[in-house]
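Below: one structure, written as C-alpha cells.
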Amino acid sequence: MCGIFGIIFAERPRRPLGEILRRGLERLEYRGYDSAGVAVVDRGLVVKKDAGKVAEVAQRYGFDSLQGVVGLAHTRWATHGKPDQVNAHPHVDCRGVIAVVHNGIIEKYAELKEELMKRGHVFRSETDTEVIAHLVEEYKKQGLDTFSAFKKALSRVRGAYAIALIDAENPRAIYFARNLSPLIIGVGEGFNIVASDIPTVLDHTKRVIAVRDGEYGYITAGEVYIEADGVPQDVAARIEEIPWSAEMATKGGYPHFMLKEIYEQPESLASTAAGLEPAQIETVANALLAARNVYIVGAGTSYHAGLTLAFILPRLRITPIPVISSEYAIYEDLYDKDDLAIAISQSGETIDTIKAVKAMRERGVKVVAVTNVVGSTLSRESDVVLYTRAGPEIGVAATKTFTTQVLTLAAVYLTALRALGHDVAEHQRELKAVPDLARKTIEKTAGTAKELAKRLRQRHSAYYLGRGAALPVAMEGALKLKEVAYLHAEAYPAGESKHGPIALVEEGFPVIFVFSDPNTGEKTLSNVAEMKARGALTIGTVPARSDYAKKLDVAIEVPQTSELFAPILHVIPLQMLAYFTAVERGYDPDKPRNLAKTVTVE
C-alpha cells in the first residue's frame, strides 16, 4: 500500500528528473493509491502533488518539466486524512526545505504533533507523515546535521514505516529508514535509488539491497550507507542481482497486466518447476512429516493456495491448521518448537504474515517461506525459503503467483509421499506436464470465459461451490470476481449450500461449480441438480471427456490431471472469467478500487 521512488544522480540526467519520477510513479500504480506527488531540489525545494491518477496529476502540475539531480515520488493510500491535495505526499517542514514521503502508520503521532505545535511548528495536513518533517526540522534547529537530526527523529517514532527524506540544504543525499514496511535500494552507476519494491527500479538497475527492519541510512549518487543501532552495515555483501527484466514489468502488448499474467502462467509454472531444489524440498518434506503441528499461514490468494495443501495433508496422516495471517493470535498458546509453519506470500512483505511468522519464531516454530521475491522480509524471517519463479506480478489480483504457489506446495507433498514409501513416478510426470496443460487450458477456455462474462455482466451476485480439494479453487474464483469485477461472490462447500445459501438462488442466479476433485464429483452433481431446480444458471469447470458436462448449463472443460495439480488448471478459466467480466462491466482489472497489491499496514 502506497509507494516510494527516490533517485539521486551525480549530474543532471539526459531526461528531465520529473519525467523519471513520473515513470517511477507509473511503476508504483499497481500497489494501489488515491494521490500522487513528487519533490525535487532545483535551486530550492519544489513539491507538486494532488489526489488523482498519476497521469492526471503529472499533466496538471507539469512533472515532466521538473529539473534537478535528486527527487522523491510517492503514491498515497489514505490512512490519516482524506485523499486530497493537502494530504498527498511529499510533506514539508515549516521552512519548505525538507520533504518526506512515508508508507505505513506512525503510532501516537498526535502526541508528537501537539508537542511540535507548542514549539511553534505549523502543520498543513491531517497526516501522520508530516510529523517526521517537523521533527527533523526541530533537531536541525538544535544544531544537528541532517542525518543526525533524521536519526534523532526516528528515535521518537513508533510504528510500521518506510521513510525517504530529502533536504534542500543538503541536496546530495536521500535519507531513508525502514520498520515493518518494504524498502529497497537500487544500486546504479552514477546514481542510486530508494524504492518500495523491485519492479520500480528495473528501468534503471537489476542490483538491489533489501533494507531490513530497524535499519536507516542514506544514499548519494555514489554511496549507499546503512546503519542498525548505530552500527554501520556491510552493504556490498548484500547486493543481489534480480533475474527480472524491465520488459517483464510491462504489458507487452496486452490490454491489461492481469490478462498478460494469466497468459504467462505456462512459462511461470515451467520456471518454477525447473527451479525446485530437491534438497530444499526434501528438507521441508521431512520437517512436515516430523512436526507436531503444521500451520499453513497466508492472506487472501496465498491463503487459498495454502488450503490446496491443507486439504490433502490428512492423507499423510497430518492434521494441518490453516491460519489466516491476521488471526494468528488464536493459536498463540499452541506454538511450540516441535511445530512447523508454512508461510505463503507473493511479495514476502504482507504485514499480517510477517507478524504471524515473528510470533511463531519467538516460540521456536520452524518456518518455511513460499514467496516470489528474493530478499523479502519473509525470506529473511524464515528457516527455509522456497521461491516461486513467477516473475514480477503487477496486476493487483494475483494469478500466476497462485498457480506457482500451488505447484511448489504440491512438490513438497509429493516428496513427503515418496518418503513414506509411495511410488510417485506418475505424479512426477504430471508435474513436468503441468506447464503444457496450463497452456492448453488457456487456449481452450478463453473463448468460453469471454462469452460467459457477457451473461454475468448484469448479475449482482454469484456462488462458487466445490467439495474437498475443489473448495480452495472455488474460494479463489469467488475472490477474483469480487476483486476485479465488483460482483458479489461467495464460495461454499457444495454440501453446505443447502444450509442457508440456497435461499438466495432464483431464476438466472449464477452458480459456478468446481469439479477438480475426482473423489467428490458425483456428490457435487446432486448440488447441481438442486440449484438447477431453483432456476440457477449452472456453470462448471470439469475434466475433459467427463460426464459432468452434461449436467451443467455451461461446462468449461480443462485437461485431465490428478487432483494434486487439478487446482492449477481449474482456476485458470475462473481467473479469465473474472477478468472478462470486469472488462464487460467497464472496470480496469489492474486497478481495483480500495485494493493494494501488497498490504503493509494492519
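Each Cβ is built from the backbone N, Cα and C atoms, and glycine gets one as well.
Residues or ranges marked as active site, nucleophile by Swiss-Prot on the basis of sequence analysis: Cys2. The DSSP secondary structure for Cys2 (active site, nucleophile) is coil.
Residues or ranges marked as active site, for Fru-6P isomerization activity by Swiss-Prot on the basis of sequence analysis: Lys597.
Taken from Swiss-Prot, the feature domain 'Glutamine amidotransferase type-2' applies to 2-222. Each residue in the domain 'Glutamine amidotransferase type-2' (2-222) has a pLDDT score, and their mean in this model is 93.
The feature domain 'SIS 1' is assigned by Swiss-Prot to 284-422, with sequence analysis given as support.
Under the heading domain 'SIS 2', Swiss-Prot lists 452-592.
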The domain 'SIS 2' (452-592) - residue tally per DSSP class, helix then strand then coil:
69 helix, 29 strand, 43 coil
Work out, from DSSP, the number of helix, strand and coil residues along the domain 'SIS 1' (284-422).
67 helix, 26 strand, 46 coil
